[in-house]
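Student: One structure is given below, represented as structure tokens, and several questions about it will come after.
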Amino acid sequence: MTGLYGGTGLHLAVALEGVGWHPAAWRAPDARPADLFTARYWADLAREAERGLLDFVTIEDALTPRPSGRLQGGLDAVLVAARLAPVTGHIGLVPTTDVTHTEPFHVSIGVASLDFASYGRAGWRPRVSAGVREAGHFGRRRASAAAPPGRIASDADLNAEAADAVEVVRRLWDSWQDDAEIRDASTGRFLDRDRLHYIDFEGPYFDVRGPSITPRPPQGQPVVTVLADSPPAYEFAARGADVVYLTPDSRAGTGAAVSRVRAAEAAAGRGGEPLRVFADLLVFIDDRPGAAAVRKARLDELDGAGPASAVEVFTGTAAELADLLEERLDAGLTGFRLRPGVLPHDLTGITRRLVPELQRRGAFRTAYRETTLRARLGLSRPEGRYSAPAAATTGGGS
Amino acid sequence: MPVRQVHLAAHFPGVNNTTVWSDPASGSQIDFASFVHLARTAERGKFDFFFLAEGLRLREMKGRIHDLDVAGRPESLTVLSALAAVTTRLGLAATVNSTFNEPYEVAGRLATLDHLSAGRAAWNVVTSYDAFTGENFRRGGFLAEADRYTRAAEFLQTARELWDSWSDDGGAEGEFAHSGRHFDIAGRFGTPRGPQGHPVIIQAGDSAEGREFAASDADVIFSRHGAPAAGRAFYADVKRRLPRYGRHPDELKIFPAVTYVLGDTEEDAAERAADIRRAQVGPETAIAYLEGVWGRDLSAYDPDGPLPDVEPDLDEGVSKGRAQFRGDRGETVRRWRTLAADRGLSIRELVIEATGRQTFVGTPRSVADRIDEFVQTGVADGFIFVPHLTPGGLDDLVDHVVPLLQEKGVFRSDYTGTTLRDHLGLGPPRGAVRRAHAEAVS
Ligand SMILES: Cc1cc2nc3c(=O)[nH]c(=O)nc-3n(C[C@H](O)[C@H](O)[C@H](O)COP(=O)(O)O)c2cc1C
């Protein structure tokens, strides 16, 4: 079976979060809650994901609102990803950052630096922070008049602002042409300043001048990924992302969600590469039929509730999951981002059970071939937006 | 008097003319492998820490991007986190500005680095506040010069409150509220306390306010004063400020930025030092340097000719994005003219003579002796070595000078602790105590 983009079969990513996505995951027998804030913990998970030849891992950020209570702290996701870069060799590293309160300039150089440290394996998930509680951590903005209760602004406004932040980040990545560093001893110049560009972004929310302080990263543009969990987020993804995560709840729902993505792309006038579409799935995997459902039910009981998210939950064996993925893939997906219910149990379920099953079916790679994350997703390394001959004349002093 | 122990730190080569990029041995300033090389060299030499500077806007001269010096750096904390994977004991110091950031985010990122490095994080709190840099940020340039340290002090105080909002035993879990002149924030801090409790705090300002800020709340000062007389005066001035904050002078370590050149003989070293100075101050750089002081376009002058006879423009600056030339430029011009006339120096020779001479020049033996002497005689507690070459610029220091310091018994032959606080001989952070003092002075 030939996949849509770059290589064989489907693409698989895994979303790493704390001790797993189930709120009672820390009470599971093999959970390692005491290690959660050690480098070793994250390195073990990333290496396991790489052993399973997965496309990339995503990492949630420290600012993500989590219910109060033990083991709900977080680490800065860009720094976790950077810590993982030298101890892995192939897997893509995709940290999440807030874009509502943070500075696009800082985010831009952080992700570019991750791309340097990983030699071209960086991605990024910009995240909107809608809550007044998160805004209180920064103290810089109050809720707008039109904001829904408990939120600082409308979904539409926040996503439009996030799209501007992505635009700034992307321009900064391009603001150094690949050949800006010349080291020309005859004229004493290290840089060709005509190959550096002010980005002069002006928008309703902020202005940023540029250029970046960091050269263009190895991939040119690290892979931008967006979770489409509301209609404005589809628009945001269509405007600025390379990859979109959907949260459909059925095969029919998957087809409909993919259609919405394509409609949003058309409405945004998106040119170039279409969005790579990944469906999110929260997974509990066990060998014995029925065991995963029992395990999840026990965790639900311990917690008193269960995973409170819009994401579809799968419980079953690896073969059952492989069936589901193959069936869903035909609805127009590039692949899946699996959220392990419990770590490391459901991650090893993916890497040591699901992946071999898919490989047997010829539906998943048997080795890493591409060296950069873009290449793995079938995305070429883009020419910088300021490199076109027409733009060259505006270089330097624009 | 007991023998004082020397502390050593490594600075990744910077983005000014002291970093020589034209040398065939000069490697990439951005390839991650360069950072790995220098960090591993520092760890091989049992250094206290590895240091990364920061500049949030590319420097400009005469309204255009400055193109003569090395430029293009990564984000400090991201690179240091990656370096935590390839080192085990070396301290990892990030320069992070307190004007164009917010405490919640910076405190979380530093606590993260401290976790991921098992207790090796340090934060150099710098205060650039100019509107030029502000153009890269959504907040813009919004700080008056007089407020740079009130914001920095409250920023650090708030960060300490956030780090203290989790207790070591997991009792308290991040609830906080801070209300002050610069920050009014509340909620829950997302990242538990790191292994060091608080990262090591470094301060690198030179003004009276900067020194006071360091005396009240920093663990290390990064200073410009590596020459013995100036260094001794700075050292005495700063240490004298500590008791007022209830602190012992040893609780603040003074690390001047220093440079070095080794040779087989003293003459050989001096010759090499002169060659490096010529490489650092090429003809174009000499003119650019002069323009920074004169405040006007001097591109028509011959770098090998005499100093310009035109008067400096003391109102307009031509150089943006660097901390240099903050002194009295009129006075500098007068001094340089006298020096050039007395010695018959060309523009380029003058700039070579008047700026950035190497701190330590000599054989490994004489350099080791002087390092030791400086520490025993109140010039410094340690040094931040700034190499002129990327990434091999500290190789010979570690290979030839460090063993001599170890032989003398003034530098560790291996790490005895695991955290940066251990290496520096600092006790646990006294967040709450220091906060009380910071409040008393602000
Ligand atoms: C040795 C030294 C190194 C410095 N490094 C940086 C740096 O990497 N980034 C930065 O923004 N400022 C840096 N600074 C600037 C200071 O943090 C401070 O903002 C500046 O000196 C103005 O403060 P002052 O008036 O107290 O000197 C450095 C200063 C010194 C003395």
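Cβ atoms are placed via backbone N, Cα and C, with glycine included.
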Student: Which of these, B:Y149, B:Y289, B:Y301, B:Y415, does TrEMBL say binds FMN at the same site as B:T95, B:S207?
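Tutor: Among the candidates, TrEMBL records only B:Y149 at this FMN site.
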Student: With the cut-off set at 10 Å between Cβ atoms, which of these binding-site residues ends up with the most neighbours? Options: B:T95, B:S207.
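Tutor: It comes out as B:T95.
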Student: Where the record says B:T95, B:Y149, B:S207 bind FMN, what is the longest distance in Å from one Cα to another among those residues?
Tutor: 18
Student: List, in sequence order, the same-chain residues at least six positions removed whose CB sits under 8 Å from that of B:Y149 (FMN binding site)?
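Tutor: Spatial neighbours, sequence-distant, of B:Y149 (FMN binding site): B:T127, B:G205, B:E209, B:G210, B:E212, B:F213.
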Student: Which of the three DSSP-derived classes (helix, strand, coil) applies to B:Y149 (FMN binding site)?
Tutor: helix
